[in-house]
Amino acid sequence: MTSVTLRNVCKAYGDNLISKNVDLEIAEGEFVVFVGPSGCGKSTLLRCIAGLEDITSGDLYFGKERMNDVPPSDRGVGMVFQSYALYPHLNLFDNMSFGMKLAKADKSEIKKRVNNAADILQLGHLLERQPKSLSGGQRQRVAIGRTIVSQPNVFLLDEPLSNLDAALRVQMRIEIAKLHKQLGCTMIYVTHDQVEAMTMAEKIVVLDGGYVSQVGKPLELYHYPQNRFVAGFIGSPKMNFMSVFIEQVEDERVMVQTADGKAFWIPVDGTTVTKGDRMSLGIRPEHLVSAEEGDTSIEGTVQVVEKLGYETQVYIHLDHVDADFIYRRPDTLQVEAGDSFKVGIPAHRCHLFHSDGRACRRLYQEAGI
(Lines of atoms letter the chains of each structure in order from A and count residues from 1; the text may use other names and numbers.)
(Lines give C-alpha, C1' and ligand atoms only; values in the text may rest on other atoms or scores of the structure.)
Protein backbone atom coordinates (compact mmCIF):
# COMPACT_ATOMS: atom_id res chain seq x y z
CA MET A 1 0.00 0.00 0.00
CA THR A 2 1.04 3.58 -0.55
CA SER A 3 -0.05 7.19 -0.14
CA VAL A 4 -1.51 9.07 -3.11
CA THR A 5 -0.90 12.78 -3.70
CA LEU A 6 -2.42 15.01 -6.37
CA ARG A 7 -0.92 18.47 -6.87
CA ASN A 8 -2.81 20.97 -9.00
CA VAL A 9 -4.05 18.18 -11.28
CA CYS A 10 -6.07 19.19 -14.35
CA LYS A 11 -7.60 17.01 -17.04
CA ALA A 12 -8.95 18.48 -20.28
CA TYR A 13 -10.46 17.03 -23.43
CA GLY A 14 -9.68 19.64 -26.03
CA ASP A 15 -10.94 22.95 -24.63
CA ASN A 16 -13.24 21.19 -22.14
CA LEU A 17 -11.62 21.19 -18.68
CA ILE A 18 -13.01 18.31 -16.60
CA SER A 19 -10.77 18.12 -13.50
CA LYS A 20 -9.73 21.55 -12.25
CA ASN A 21 -6.70 22.25 -10.05
CA VAL A 22 -7.21 19.23 -7.80
CA ASP A 23 -5.00 19.18 -4.68
CA LEU A 24 -5.45 16.11 -2.54
CA GLU A 25 -3.54 14.04 0.04
CA ILE A 26 -4.59 10.41 0.58
CA ALA A 27 -2.73 8.71 3.42
CA GLU A 28 -1.33 5.19 3.23
CA GLY A 29 -4.09 2.72 4.10
CA GLU A 30 -6.87 5.32 4.00
CA PHE A 31 -10.37 4.66 2.60
CA VAL A 32 -11.33 7.73 0.57
CA VAL A 33 -14.57 8.22 -1.35
CA PHE A 34 -14.97 10.59 -4.30
CA VAL A 35 -18.61 11.67 -4.39
CA GLY A 36 -20.59 14.13 -6.46
CA PRO A 37 -23.36 14.39 -9.05
CA SER A 38 -23.08 13.01 -12.57
CA GLY A 39 -20.56 14.94 -14.65
CA CYS A 40 -18.55 16.29 -11.71
CA GLY A 41 -15.33 14.57 -12.85
CA LYS A 42 -14.99 11.91 -10.15
CA SER A 43 -14.53 8.93 -12.51
CA THR A 44 -12.19 10.96 -14.73
CA LEU A 45 -10.02 11.71 -11.70
CA LEU A 46 -9.95 8.02 -10.77
CA ARG A 47 -8.91 7.09 -14.32
CA CYS A 48 -6.10 9.64 -14.15
CA ILE A 49 -4.85 8.00 -10.95
CA ALA A 50 -5.02 4.59 -12.64
CA GLY A 51 -3.17 5.85 -15.71
CA LEU A 52 -6.08 5.13 -18.06
CA GLU A 53 -6.20 8.87 -18.82
CA ASP A 54 -3.22 11.19 -19.20
CA ILE A 55 -3.02 14.14 -16.82
CA THR A 56 -3.13 17.43 -18.74
CA SER A 57 -1.19 19.33 -16.07
CA GLY A 58 -0.15 18.90 -12.46
CA ASP A 59 1.54 16.02 -10.66
CA LEU A 60 0.48 12.62 -9.32
CA TYR A 61 2.59 10.82 -6.71
CA PHE A 62 2.39 7.35 -5.18
CA GLY A 63 4.49 7.80 -2.07
CA LYS A 64 7.44 9.89 -3.27
CA GLU A 65 7.40 8.57 -6.85
CA ARG A 66 5.95 10.79 -9.59
CA MET A 67 3.54 8.66 -11.62
CA ASN A 68 2.51 10.91 -14.53
CA ASP A 69 4.59 9.02 -17.10
CA VAL A 70 4.40 5.54 -15.53
CA PRO A 71 2.30 3.06 -17.59
CA PRO A 72 -0.89 1.75 -15.91
CA SER A 73 0.52 -1.78 -15.70
CA ASP A 74 3.49 -0.55 -13.66
CA ARG A 75 1.57 1.61 -11.17
CA GLY A 76 0.52 -1.22 -8.87
CA VAL A 77 -3.17 -0.33 -8.96
CA GLY A 78 -6.15 -2.68 -9.04
CA MET A 79 -9.50 -1.54 -10.42
CA VAL A 80 -13.04 -2.74 -9.82
CA PHE A 81 -15.65 -1.36 -12.20
CA GLN A 82 -19.43 -1.05 -12.28
CA SER A 83 -19.31 -3.82 -14.90
CA TYR A 84 -18.00 -7.06 -13.42
CA ALA A 85 -15.87 -7.75 -16.55
CA LEU A 86 -15.72 -11.50 -15.93
CA TYR A 87 -14.90 -14.08 -18.60
CA PRO A 88 -18.16 -16.06 -18.98
CA HIS A 89 -16.45 -19.27 -20.21
CA LEU A 90 -13.99 -19.42 -17.28
CA ASN A 91 -14.75 -20.63 -13.78
CA LEU A 92 -14.18 -18.40 -10.76
CA PHE A 93 -10.68 -19.71 -10.06
CA ASP A 94 -9.56 -18.98 -13.62
CA ASN A 95 -11.23 -15.55 -13.63
CA MET A 96 -9.48 -14.56 -10.42
CA SER A 97 -6.10 -15.94 -11.51
CA PHE A 98 -6.18 -14.72 -15.12
CA GLY A 99 -3.82 -11.78 -14.59
CA MET A 100 -1.28 -13.86 -12.69
CA LYS A 101 -1.32 -16.54 -15.39
CA LEU A 102 -0.65 -13.91 -18.05
CA ALA A 103 2.30 -12.75 -15.97
CA LYS A 104 3.51 -16.38 -15.85
CA ALA A 105 3.46 -16.47 -12.05
CA ASP A 106 4.32 -19.65 -10.17
CA LYS A 107 1.35 -22.06 -10.02
CA SER A 108 1.65 -22.61 -6.28
CA GLU A 109 1.66 -18.83 -5.68
CA ILE A 110 -1.40 -18.44 -7.92
CA LYS A 111 -3.29 -21.10 -5.99
CA LYS A 112 -2.27 -19.59 -2.65
CA ARG A 113 -3.41 -16.08 -3.58
CA VAL A 114 -6.70 -17.18 -5.16
CA ASN A 115 -7.61 -19.39 -2.20
CA ASN A 116 -6.72 -16.59 0.22
CA ALA A 117 -8.90 -14.08 -1.67
CA ALA A 118 -11.72 -16.63 -1.91
CA ASP A 119 -11.59 -17.22 1.85
CA ILE A 120 -11.73 -13.47 2.55
CA LEU A 121 -14.75 -13.05 0.26
CA GLN A 122 -16.46 -16.34 1.21
CA LEU A 123 -16.17 -17.71 -2.32
CA GLY A 124 -14.15 -20.85 -1.59
CA HIS A 125 -17.05 -23.24 -2.28
CA LEU A 126 -17.80 -21.56 -5.62
CA LEU A 127 -14.40 -21.59 -7.33
CA GLU A 128 -15.37 -24.27 -9.87
CA ARG A 129 -18.53 -22.46 -10.95
CA GLN A 130 -18.95 -20.17 -13.93
CA PRO A 131 -20.18 -16.56 -13.57
CA LYS A 132 -23.62 -17.29 -15.08
CA SER A 133 -24.52 -19.41 -12.04
CA LEU A 134 -23.82 -16.59 -9.56
CA SER A 135 -25.90 -13.75 -8.18
CA GLY A 136 -24.97 -10.13 -8.88
CA GLY A 137 -23.41 -9.76 -5.44
CA GLN A 138 -21.33 -12.90 -5.89
CA ARG A 139 -20.10 -11.73 -9.30
CA GLN A 140 -19.02 -8.42 -7.84
CA ARG A 141 -17.15 -10.28 -5.09
CA VAL A 142 -15.32 -12.26 -7.79
CA ALA A 143 -14.32 -8.99 -9.49
CA ILE A 144 -13.04 -7.69 -6.15
CA GLY A 145 -11.26 -11.00 -5.53
CA ARG A 146 -9.45 -10.72 -8.86
CA THR A 147 -8.11 -7.37 -7.68
CA ILE A 148 -7.05 -8.78 -4.30
CA VAL A 149 -5.11 -11.55 -6.07
CA SER A 150 -3.05 -8.94 -7.93
CA GLN A 151 -1.96 -7.45 -4.55
CA PRO A 152 -2.13 -3.81 -5.66
CA ASN A 153 -0.69 -0.87 -3.76
CA VAL A 154 -3.92 1.06 -4.36
CA PHE A 155 -7.47 -0.25 -4.82
CA LEU A 156 -9.59 1.85 -7.20
CA LEU A 157 -13.34 1.15 -7.21
CA ASP A 158 -15.52 2.94 -9.77
CA GLU A 159 -19.21 2.74 -8.73
CA PRO A 160 -18.93 -1.03 -8.14
CA LEU A 161 -22.39 -1.37 -6.57
CA SER A 162 -24.46 0.52 -9.15
CA ASN A 163 -25.74 -2.65 -10.87
CA LEU A 164 -26.99 -4.22 -7.63
CA ASP A 165 -30.44 -3.95 -6.07
CA ALA A 166 -30.93 -1.99 -2.84
CA ALA A 167 -30.56 -4.95 -0.46
CA LEU A 168 -27.40 -6.20 -2.18
CA ARG A 169 -25.88 -2.70 -2.17
CA VAL A 170 -26.25 -2.54 1.61
CA GLN A 171 -24.71 -6.00 1.99
CA MET A 172 -21.82 -5.27 -0.38
CA ARG A 173 -20.90 -1.91 1.12
CA ILE A 174 -20.61 -3.62 4.51
CA GLU A 175 -18.41 -6.31 2.96
CA ILE A 176 -16.17 -3.75 1.24
CA ALA A 177 -15.76 -1.82 4.51
CA LYS A 178 -14.82 -5.07 6.28
CA LEU A 179 -12.42 -5.92 3.45
CA HIS A 180 -10.62 -2.60 3.87
CA LYS A 181 -10.14 -3.21 7.58
CA GLN A 182 -8.89 -6.73 6.86
CA LEU A 183 -6.40 -5.74 4.15
CA GLY A 184 -5.43 -2.31 5.50
CA CYS A 185 -4.85 -1.09 1.95
CA THR A 186 -5.29 2.32 0.35
CA MET A 187 -8.74 2.44 -1.27
CA ILE A 188 -10.25 5.13 -3.50
CA TYR A 189 -13.95 4.59 -4.15
CA VAL A 190 -16.11 6.55 -6.60
CA THR A 191 -19.87 6.90 -6.15
CA HIS A 192 -22.72 9.33 -6.79
CA ASP A 193 -24.55 7.87 -3.77
CA GLN A 194 -23.84 9.99 -0.72
CA VAL A 195 -25.24 7.27 1.59
CA GLU A 196 -22.46 4.94 0.38
CA ALA A 197 -19.97 7.75 0.96
CA MET A 198 -21.19 8.49 4.49
CA THR A 199 -21.28 4.87 5.62
CA MET A 200 -18.00 3.63 4.11
CA ALA A 201 -15.47 6.45 3.97
CA GLU A 202 -12.80 7.52 6.41
CA LYS A 203 -12.51 10.67 4.30
CA ILE A 204 -14.89 12.07 1.67
CA VAL A 205 -13.90 14.23 -1.29
CA VAL A 206 -16.92 16.14 -2.63
CA LEU A 207 -16.53 17.19 -6.26
CA ASP A 208 -18.58 19.85 -8.03
CA GLY A 209 -18.00 20.78 -11.66
CA GLY A 210 -14.46 19.37 -11.62
CA TYR A 211 -13.41 21.28 -8.49
CA VAL A 212 -12.88 19.83 -5.01
CA SER A 213 -15.69 21.45 -3.03
CA GLN A 214 -14.72 20.05 0.39
CA VAL A 215 -12.63 17.27 1.93
CA GLY A 216 -13.27 15.85 5.38
CA LYS A 217 -14.62 13.08 7.57
CA PRO A 218 -18.26 12.14 6.92
CA LEU A 219 -19.68 13.81 10.04
CA GLU A 220 -17.58 16.94 9.44
CA LEU A 221 -19.20 17.37 6.03
CA TYR A 222 -22.64 16.62 7.44
CA HIS A 223 -22.47 19.03 10.39
CA TYR A 224 -20.03 21.66 9.09
CA PRO A 225 -20.37 22.02 5.29
CA GLN A 226 -18.17 24.81 3.95
CA ASN A 227 -20.60 25.82 1.22
CA ARG A 228 -24.20 25.45 0.17
CA PHE A 229 -23.43 22.80 -2.46
CA VAL A 230 -21.97 20.38 0.10
CA ALA A 231 -24.78 21.19 2.54
CA GLY A 232 -27.39 20.30 -0.06
CA PHE A 233 -25.60 17.25 -1.43
CA ILE A 234 -24.64 15.49 1.81
CA GLY A 235 -27.62 14.22 3.76
CA SER A 236 -30.82 12.47 2.74
CA PRO A 237 -33.38 13.98 2.53
CA LYS A 238 -31.39 17.04 1.55
CA MET A 239 -31.11 20.19 3.66
CA ASN A 240 -33.97 22.70 3.69
CA PHE A 241 -33.14 26.25 2.59
CA MET A 242 -34.94 29.57 2.99
CA SER A 243 -34.02 33.20 2.36
CA VAL A 244 -33.49 35.39 5.45
CA PHE A 245 -32.72 39.06 6.14
CA ILE A 246 -29.82 39.99 8.46
CA GLU A 247 -31.18 42.14 11.32
CA GLN A 248 -28.14 42.36 13.61
CA VAL A 249 -24.55 41.09 13.60
CA GLU A 250 -22.13 40.22 16.40
CA ASP A 251 -18.83 38.33 16.21
CA GLU A 252 -20.32 35.06 17.49
CA ARG A 253 -23.97 35.29 16.53
CA VAL A 254 -26.21 36.71 13.83
CA MET A 255 -29.87 37.73 14.09
CA VAL A 256 -31.89 36.65 11.06
CA GLN A 257 -35.45 37.53 10.08
CA THR A 258 -37.60 35.06 8.15
CA ALA A 259 -40.06 36.03 5.42
CA ASP A 260 -42.95 36.03 7.92
CA GLY A 261 -41.16 38.59 10.13
CA LYS A 262 -39.88 36.32 12.90
CA ALA A 263 -36.35 37.10 14.15
CA PHE A 264 -33.92 34.96 16.15
CA TRP A 265 -30.19 34.64 16.86
CA ILE A 266 -28.04 31.95 15.20
CA PRO A 267 -24.69 30.95 16.79
CA VAL A 268 -22.37 31.37 13.78
CA ASP A 269 -19.23 33.38 13.03
CA GLY A 270 -20.58 36.82 12.16
CA THR A 271 -17.29 38.44 11.13
CA THR A 272 -18.05 38.04 7.41
CA VAL A 273 -21.72 39.08 7.66
CA THR A 274 -23.11 42.57 7.05
CA LYS A 275 -26.33 43.94 8.51
CA GLY A 276 -28.95 44.23 5.79
CA ASP A 277 -27.61 41.31 3.75
CA ARG A 278 -29.88 38.72 2.19
CA MET A 279 -28.59 35.25 3.07
CA SER A 280 -29.71 31.63 2.94
CA LEU A 281 -30.61 29.72 6.09
CA GLY A 282 -30.26 25.93 6.05
CA ILE A 283 -31.74 23.36 8.42
CA ARG A 284 -31.75 19.59 8.01
CA PRO A 285 -35.15 17.79 8.01
CA GLU A 286 -34.10 15.63 10.97
CA HIS A 287 -33.09 18.71 12.99
CA LEU A 288 -36.52 20.35 12.86
CA VAL A 289 -38.49 19.93 16.09
CA SER A 290 -42.00 20.49 17.39
CA ALA A 291 -43.16 24.11 17.29
CA GLU A 292 -42.96 24.34 21.09
CA GLU A 293 -39.33 23.20 21.20
CA GLY A 294 -37.95 25.56 18.55
CA ASP A 295 -36.39 29.01 18.95
CA THR A 296 -38.86 30.05 16.27
CA SER A 297 -41.47 28.25 14.19
CA ILE A 298 -42.75 28.09 10.62
CA GLU A 299 -46.21 27.10 9.43
CA GLY A 300 -47.41 25.83 6.07
CA THR A 301 -49.65 23.37 4.27
CA VAL A 302 -48.79 19.68 4.10
CA GLN A 303 -48.29 18.54 0.50
CA VAL A 304 -47.15 14.93 0.92
CA VAL A 305 -46.70 12.56 3.86
CA GLU A 306 -44.34 9.59 3.52
CA LYS A 307 -45.06 7.03 6.24
CA LEU A 308 -42.19 4.56 6.34
CA GLY A 309 -43.03 2.90 9.66
CA TYR A 310 -39.72 3.64 11.34
CA GLU A 311 -40.01 7.33 10.41
CA THR A 312 -42.35 9.88 8.83
CA GLN A 313 -41.35 12.54 6.31
CA VAL A 314 -43.68 15.51 5.89
CA TYR A 315 -43.37 17.85 2.89
CA ILE A 316 -44.64 21.32 3.80
CA HIS A 317 -45.38 24.18 1.40
CA LEU A 318 -44.28 27.56 2.79
CA ASP A 319 -45.00 30.93 1.24
CA HIS A 320 -41.85 32.66 -0.08
CA VAL A 321 -39.89 29.36 -0.20
CA ASP A 322 -39.24 27.77 -3.60
CA ALA A 323 -39.10 24.10 -2.54
CA ASP A 324 -41.18 22.24 0.03
CA PHE A 325 -39.72 22.13 3.54
CA ILE A 326 -39.16 18.56 4.70
CA TYR A 327 -39.76 17.57 8.32
CA ARG A 328 -38.39 14.17 9.33
CA ARG A 329 -39.23 12.48 12.59
CA PRO A 330 -38.81 8.95 13.95
CA ASP A 331 -41.84 6.67 14.24
CA THR A 332 -45.31 7.66 13.02
CA LEU A 333 -47.05 11.02 12.92
CA GLN A 334 -50.77 11.70 12.58
CA VAL A 335 -50.87 14.23 9.76
CA GLU A 336 -52.37 14.20 6.26
CA ALA A 337 -51.96 16.12 3.01
CA GLY A 338 -53.86 19.41 3.15
CA ASP A 339 -53.41 19.89 6.90
CA SER A 340 -51.96 23.10 8.29
CA PHE A 341 -48.73 22.14 10.05
CA LYS A 342 -46.24 24.00 12.25
CA VAL A 343 -42.65 22.97 13.04
CA GLY A 344 -39.93 24.49 15.20
CA ILE A 345 -36.44 25.61 14.17
CA PRO A 346 -33.67 25.14 16.78
CA ALA A 347 -31.19 27.99 16.25
CA HIS A 348 -28.10 25.95 17.19
CA ARG A 349 -28.79 23.49 14.33
CA CYS A 350 -29.06 26.21 11.67
CA HIS A 351 -26.55 26.93 8.89
CA LEU A 352 -26.08 30.33 7.24
CA PHE A 353 -24.79 30.85 3.70
CA HIS A 354 -23.69 33.93 1.77
CA SER A 355 -25.17 34.68 -1.66
CA ASP A 356 -22.06 33.12 -3.30
CA GLY A 357 -22.62 29.87 -1.36
CA ARG A 358 -19.92 30.29 1.31
CA ALA A 359 -20.93 29.06 4.75
CA CYS A 360 -20.60 31.04 7.95
CA ARG A 361 -18.72 28.86 10.44
CA ARG A 362 -21.09 27.21 12.91
CA LEU A 363 -20.05 27.68 16.54
CA TYR A 364 -22.21 24.96 18.08
CA GLN A 365 -20.12 21.87 18.88
CA GLU A 366 -21.83 18.74 17.59
CA ALA A 367 -21.27 15.45 19.43
CA GLY A 368 -18.79 13.01 17.94
CA ILE A 369 -16.81 15.57 15.91
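Positions of Cβ are set from backbone N, Cα and C atoms, glycine also.
What Swiss-Prot says about this one:
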- 4-234: domain 'ABC transporter' (DOMAIN)
- Gly36, Pro37, Ser38, Gly39, Cys40, Gly41, Lys42, Ser43: ATP binding site (BINDING)
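Listed in sequence order, Leu207, Asp208, Gly209, Gly210 are the same-chain residues at least 6 apart in sequence whose CB falls under 8 Å from the CB of Cys40 (ATP binding site).
When secondary structure is read from DSSP and collapsed to three states, Pro37 (ATP binding site) falls in the coil class. Compute the center of the Cβ atoms of Gly36, Pro37, Ser38, Gly39, Cys40, Gly41, Lys42, Ser43, which mark the site for ATP; besides them, the chain residues with Cβ within 8 Å of that center are His192, Leu207. For the binding-site residues Ser38, Ser43, the greatest number of Cβ atoms within 10 Å around a candidate Cβ is found at Ser43. For the binding-site residues Gly36, Pro37, Gly39, Gly41, the greatest number of Cβ atoms within 10 Å around a candidate Cβ is found at Gly36. Averaged over the domain 'ABC transporter' (4-234), the predicted model has a pLDDT of 92. Its Cβ placed at the centre, Lys42 (ATP binding site) has 26 other Cβ atoms within 10 Å.
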